[in-house]
Amino acid sequence: MTARAFWLLCLIVGSSPEAPVAERKTSPPHSRKPDSRGCPSAEETPGPRAQPLLEAPQRPRAAEVAPAARAWPDPRRRKPPPPADNQASFREAARAPAGPPGPRLAQAENRASPRREPASEDAPRRARSRALRFPAARPPALATEGSAGHAHPNRPRAAALAPGPAPAPPPRFSLSFGLSPPQRDAEPGAEPCARACRSDLDEREAFCESEFAVNGIVHDVDVLGAGIRLVTLLVDRDGLYKMNRLYLTPDGFFFRVHMLALDSSSCNKPCPEFKPGSRYIVMGHIYHKRRQLPTALLQVLRGRLRPGDGLLRSSSSYVKRFNRKREGQIQGAIHTQCI
């Protein structure tokens, strides 16, 4: 009884589920070894044998799946495609031989790509665009060759230039960083006007022939009519070169001097010219009652011109911008005797 229980225990231990089933099934009979515990195997055990336990159905492993089942892989476990090579040489080598262009290739022809044409046939893109933009800046031979060559795929073909005289060069920039003013035709009466307004007398002659000589800043200019202006100068003590009976009105540090400027010329530019805020050297005559003025002029003035005010005529007066050179010549004329 004891031996039979011992053999039954060995049989139960040998057929327990902890042992690998595949190993028990696949191992051949000649490779089986006796149990290390000294228990003989089930085949060698005499007497009744125990029935093998029923095993639960197991899922087939991924390695044991038939090759036919791999035709429909799981899309979620699909392997990502291999990364594309960025080298142009490998892509070009893997391309298929050239055939008739498809619709997508014909549509892609409208894109500008530097690989469409070899670099040896045409100049670089910048030189080609500059040549198309300014055809007059290059020689005629190059202009004709560039216009007849293959046009850029993204630009319309330039029209052929009509044979004729070369177009005018682009305007040049002067040193003042601006465009040079256009040369306009001189007006027919511009030269006589400039000649009539320019005084032929120098500072010394004008000083001797005038009745007053001052330099001052133009305060205001009142235009009463065509060729009739009332000018107010602010003169300091150093600017009174020659006074005689010139009427002065004190105004703080300066003296106010009123003058009537008459322009007998029919020019667009007033003569003499006075700009408010500018400093001028003025030499002319003094108005008094003995000097008769036209009745129409007196009606326009309406008492604004008083005796002692200056009287400037375009032909017998001296009006020029102030500078140190002219002032020095007038200072020298003060100490000389007029003939």
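Even glycines carry a Cβ here, placed using N, Cα and C.
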**Prompt:** Cys338 pairs with which of Cys208, Cys267, Cys271 in a disulfide, per Swiss-Prot?
**Reply:** Cys208
**Cβ contacts of Cys338 (disulfide bond) (under 8 Å, same chain, 6 or more positions away)** = Phe207, Cys208
**Message:** Taking the Cβ of each of the disulfide-bonded residues and counting other Cβ atoms inside 10 Å, which one has the highest number: Cys208, Cys271?
**Reply:** Cys271
